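One structure is given here, and the rest of the page talks about it.
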Amino acid sequence: MQVSIACTEHNLKSRNGEDRLLSKQSSNAPNVVNAARAKFRTVAIIARSLGTFTPQHHISLKESTAKQTGMKYRNLGKSGLRVSCLGLGTWVTFGGQISDEVAERLMTIAYESGVNLFDTAEVYAAGKAEVILGSIIKKKGWRRSSLVITTKLYWGGKAETERGLSRKHIIEGLKGSLQRLQLEYVDVVFANRPDSNTPMEEIVRAMTHVINQGMAMYWGTSRWSAMEIMEAYSVARQFNMIPPVCEQAEYHLFQREKVEVQLPELYHKIGVGAMTWSPLACGIISGKYGNGVPESSRASLKCYQWLKERIVSEEGRKQQNKLKDLSPIAERLGCTLPQLAVAWCLRNEGVSSVLLGSSTPEQLIENLGAIQVLPKMTSHVVNEIDNILRNKPYSKKDYRS
């Protein structure tokens with residue numbers, strides 16, 4: 001969109017210049033006038049062609065592969081930010097389920113495997129996840145410019161003014177996150193959920209402010225509806241502010257519609273990309289719950305009673321049966337079921353990055369292996385998976401065709 005606007009301005013300037021030139025030379029030689037017209041027509045044609053060429057060129061740069069690690073990198077939406085197609089999330093694990101030593105080991109494995117994206121939030125472990133993440137980055141001495149650090153704002157504290165997406169909390173909340181992370185800025189700050197109590201203009205203005213102040217490079221949304229994202233974009237364009245570049249959404253074999261139907265439309269219309277989380281559905285797809293809920297699993301924790309109920313429900317049993325049917329496909333491809341599930345998420349080109357949540361180095365190494373499975377995700381394999389799942393969502397375009 002920026003290119004097309006620039007081209008339009010260029011055309012207007014060219015047209016004004018053409019008028020001035022023609023008025024000066026109209027009484028002289030007609031051949032000079034014709035030459036000038038031809039020149040400006042050529043400039044206009046080139047400018048218009050750039051407007052159509054640039055998006056195609058952008059798409060051609062969408063994915064690249066690191067030679068040493070094999071990690072793939074994609075643009076975050078239609079922004080210029082390059083993110084590893086696999087990122088490391090810190091929900092539940094950092095500051096909670098795992099020790100600080102294990103957290104450091106996980107980050108080291110991820111970084112050495114080519115992962116540059118690390119995601120956290122002010123609410124994770126009441127801010128402790130940010131503290132651990134920042135301490136590890138400082139200890140390791142990794143170049144800040146080689147990292148993409150993202151955090152999310154909404155639930156900051158118990159006071160009314162310490163949560164939500166008011167201008168006050170966005171600015172104060174991000175300052176608090178930066179202090180815990182020991183960083184000068186984050187690459188992307190996310191609104192962790194919509195806030196019906198705050199006007200959209202106030203949210204967009206606050207996000208624009210923290211970016212202009214150098215506290216963040218970009219901003220995005222998490223668990224927002226397509227309509228809410230479009231409203232934020234419209235407000236940003238109306239008042240010459242900065243629109244969101246990405247939506248964080250849940251995406252896995254059993255949760256598909258938003259990422260496969262709604263977000264692609266937003267990507268093509270306004271450039272908003274998808275960063276997805278929970279590729280293993282909170283561990284449901286890992287295979288560990290095939291025979292009940294193990295004592296050491298996430299579903300066994302008191303605060304995850306909802307997950308346990310989901311697993312033992314009738315729908316949960318149906319999902320486990322489908323996973324058993326998918327196992328032969330994984331065996332044929334020479335991978336594990338979790339690797340198949342992560343590679344299935346990555347095969348969606350509309351997904352900029354998939355956030356992994358691992359509690360052990362072994363789990364992380366296994367999930368990172370999905371990169372090697374990705375080339376095997378042919379249309380035939382994807383159709384096989386769809387035939388087993390029987391939950392493929394269809395867009396309006398699909399129905400029309």
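The backbone N, Cα and C atoms fix where each Cβ goes, and this holds for glycine too.
Among the features that Swiss-Prot reports, NADP(+) binding site is placed at 90-91, Gln97, Asp119, Asn192, 222-223, Gln248, 277-282, Lys288, Arg298, Gly357, Ser359, Gln363, 366-367. In three-state terms derived from DSSP, Gln363 (NADP(+) binding site) belongs to a helical segment. Using a 10 Å radius centred on the Cβ of Gln363 (NADP(+) binding site) and all shown protein chains, the other Cβ atoms total 18.
Summarising the annotation, Swiss-Prot assigns active site, proton donor/acceptor to Tyr124 and lists similarity to another entry as the type of evidence. Counting only residues at least six positions away in the same chain, the Cβ atoms of Thr90, Trp91, Val92, Phe94, Gly95, Gly96, Glu130 sit under 8 Å from the Cβ of Tyr124 (active site, proton donor/acceptor). Tyr124 (active site, proton donor/acceptor) falls within a helix when secondary structure is assigned with DSSP.
Between the binding-site residues Thr90, Ser278, the minimum number of other C-beta atoms within 10 Å of a residue's C-beta occurs at Ser278. For the binding-site residues Arg223, Arg298, counting C-beta atoms within 10 A of each C-beta gives the highest total at Arg298. According to DSSP, Arg298 (NADP(+) binding site) is assigned to a helical segment. Summary: among the binding-site residues (Asp119, Ala281), the fewest other C-beta atoms within 10 A of the C-beta are counted at Ala281.
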